């Protein structure tokens, strides 16, 4: 082990990186309310782990989606537990995210020079809501189907500003004029690939900015 550490240290300077991370100054005014961002990240990790486990058995087809959820809940070992983690951690993530945004706003954490940190955080909030919107329809039950139909019709309101743009966006989301298999496939792809990738990139940006600028001071 010593040889591996020495070899890695010589090339990567691991110790200096660890010292920089562990020796970061934490302002004295920081309290429990500054932990909301970390809780959101923890919930996202739970979401990713439980979501990956669910993809093993979930089938993104209009015929088998609902039955695959029933399989997970009632026949797969600990399937009900994994889905419960995914479901409840999503609610926790949204709730704590609201608290996190409120704390940052009320303490002035969005002010100069932290505007970019705030902007990246707001975009992350939008992505988080998008996770909920796309994931809600994946079971493809009655609630999921009608929620999908309503949500995918919302962009049509853009036609008032840009004629034709809203309808084009609706067709893109649905993959046609009606909600069906193509819609479910696109929602599944967005939920399991596009949004996680975007989130990871934004998290790197968000934490890099936070690391560079530090925690905002008290009011």
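The chain as shown is numbered from 1 upward.
Including glycine, each Cβ sits where the backbone N, Cα and C put it.
Its Cβ taken as reference, residue 35 (heme c binding site) is surrounded by 15 other Cβ atoms within 10 Å in the chains shown. Taken from Swiss-Prot, the feature heme c binding site applies to 35, supported by sequence analysis.
Annotated heme b 2 binding site per Swiss-Prot: 86, 191, in sequence order. The DSSP secondary structure for residue 191 (heme b 2 binding site) is helix. Annotation for residue 191 (heme b 2 binding site): same-chain Cβ neighbours under 8 Å, separated by at least 6 residues, are 131, 134, 135, 138.
Residues annotated as heme b 1 binding site in Swiss-Prot, with sequence analysis given as evidence: 100, 206. If you take the C-beta of residue 206 (heme b 1 binding site) and look for same-chain residues 6 or more apart in sequence within under 8 angstroms, you find 117, 120, 121, 124.
Outside the transmembrane segment (32-52) by six or more residues, the chain places 82-83, 85-86, 89-90, 92-93, 96-97, 99-100, 103, 131, 192, 196, 199, 203, 215 with a CB less than 8 A from a CB of the stretch. Swiss-Prot lists 32-52 (among others) with the feature transmembrane segment.
If you look up Swiss-Prot, you'll see 90-110 (among others) marked as transmembrane segment, on the strength of sequence analysis.
What Swiss-Prot lists as transmembrane segment is 116-136 (among others), and the listing cites sequence analysis.
What Swiss-Prot records for 190-210 (among others) is transmembrane segment, and it gives sequence analysis as the kind of evidence. Within the chain, the transmembrane segment (190-210) has long-range Cβ neighbours (under 8 A, six or more residues past its boundaries) at 41, 44, 48, 51, 55, 114, 116-117, 120-121, 123-124, 127-128, 130-131, 134-135, 138.
Least packed by the Cβ count within 10 Å, out of the binding-site residues 86, 100, is 86.
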